[in-house]
Amino acid sequence: MERAAAGPLGMEMPIMHDGDRYELVKEIGSGNFGVARLMRNRASGDLVAVKYIDRGEKIDENVQREIINHRSLRHPNIIRFKEVILTPTHLAIVMEYASGGELFERICSAGRFSEDEARFFFQQLISGVSYCHSMQVCHRDLKLENTLLDGSTAPRLKICDFGYSKSSVLHSQPKSTVGTPAYIAPEVLLKKEYDGKIADVWSCGVTLYVMLVGAYPFEDPEDPKNFRKTIQKILGVQYSIPDYVHISPECRDLITRIFVGNPASRITMPEIKNHPWFMKNIPADLMDDGMVSNQYEEPDQPMQNMNEIMQILAEATIPAAGTSGINQFLTDSLDLDDDMEDMDSDLDLDIESSGEIVYAM
């Protein structure tokens with residue numbers, strides 16, 4: 001199974017970092033956002049993940065939103081935000097390191113999960129997303145690549161990447177078309193406001209389906225790169241569970257109630273948490289959201305207050321000296337605006353012609 005979306009890698013560029021506090025261990029990833037490195041805190045020895053983003057125009061609203069929203073979240077199923085550091089060339093976002101890698105890679109290795117294993121991870125995903133919603137934050141880009149695992153024997157799932165998250169406290173209702181095509185809810189593709197929390201439910205359903213089946217529900221397996229066909233199938237809620245995948249009636253019922261085109265009729269997060277399939281063998285620490293969040297009140301509060309962070313972000317919008325034009329990434333050859341306009345005329349649907357579906361790593 002291929003990733004739902006992948007962006008091109010950037011050019012190599014030296015990255016300066018806070019040598020007084022962290023030391024480099026190794027590179028752990030790169031994408032449209034920049035470069036990610038595994039670092040070690042010199043004082044404590046703790047490992048952290050650091051995401052480096054070029055100073056200047058890349059420090060946009062999405063980056064600022066990611067940091068502000070992520071900082072407000074404290075839950076065992078969400079990657080911990082630690083601090084931001086301004087280097088001469090980059091903004092560095094320091095986060096908890098999840099040594100188990102992506103849930104995506106685990107599924108690729110296994111092919112697909114048993115129903116019990118899928119439920120084990122789905123329960124944790126719902127616990128984390130439900131907490132986000134209780135904090136008035138909708139993620140808007142939930143996918144396997146944005147769910148990491150710690151290194152324990154029974155892995156704890158960790159949600160990451162809040163670049164497209166939206167807070168109903170700080171922002172208006174979502175309207176822009178963002179996310180990864182395979183996971184996007186039908187209403188997100190339409191030119192109107194939508195409930196980001198209900199759209200997150202759909203994306204959680206796609207994650208559950210992929211864990212059980214080992215394929216995306218709305219992709220054509222013979223033409224997986226045809227994003228227009230994927231979008232058509234999403235809008236028509238056209239999916240099926242293969243005959244070779246044997247799941248319980250309760251599991252099938254939950255999937256059917258998630259994949260509902262009308263968001264007003266779709267199962268809600270509280271209803272999922274009370275669904276018989278979800279409740280089966282649920283760990284005690286996931287039973288009560290209040291208990292979960294209270295247990296996670298760690299002594300290491302964020303190192304920076306919001307004023308410090310906003311000042312760093314403001315400075316980060318100023319490009320590094322002499323780096324103009326360096327480390328620019330190639331854009332995907334797919335012209336999404338034209339594609340959406342074509343679909344508008346082909347399908348007689350009111351599609352957001354300026355929709356910003358983003359294929360991020």
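Each Cβ is built from the backbone N, Cα and C atoms, and glycine gets one as well.
Lifted from Swiss-Prot, the feature list:
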- 22-278: domain 'Protein kinase' (DOMAIN)
- Ile28, Gly29, Ser30, Gly31, Asn32, Phe33, Gly34, Val35, Ala36, Lys51: ATP binding site (BINDING)
- Asp141: active site, proton acceptor (ACT_SITE)
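Around the Cβ of the residue listed as 'active site, proton acceptor', 21 further Cβ atoms fall within 10 Å across all displayed protein chains. Of all Cβ atoms in the shown protein chains, 15 besides its own fall within 10 Å of the Cβ of Ile28 (ATP binding site). Rounded to a whole value, the Cα-Cα separation of Gly34 (ATP binding site) and Asp141 (active site, proton acceptor) is 18 Å. A Cα-Cα distance of 21 Å separates Ile28 (ATP binding site) from the residue listed as 'active site, proton acceptor'. The Cβ neighbour count for Ala36 (ATP binding site), using a 10 Å radius over every protein chain in view, is 19. By a simple count of nearby Cβ atoms, those within 10 Å, the most crowded of the binding-site residues Ser30, Gly34 is Gly34. Distance from the CA of Asp141 (active site, proton acceptor) to the CA of Ala36 (ATP binding site) is 19 Å. Comparing Asp141 (active site, proton acceptor) with Ser30 (ATP binding site), their Cα atoms are 18 Å apart once rounded.
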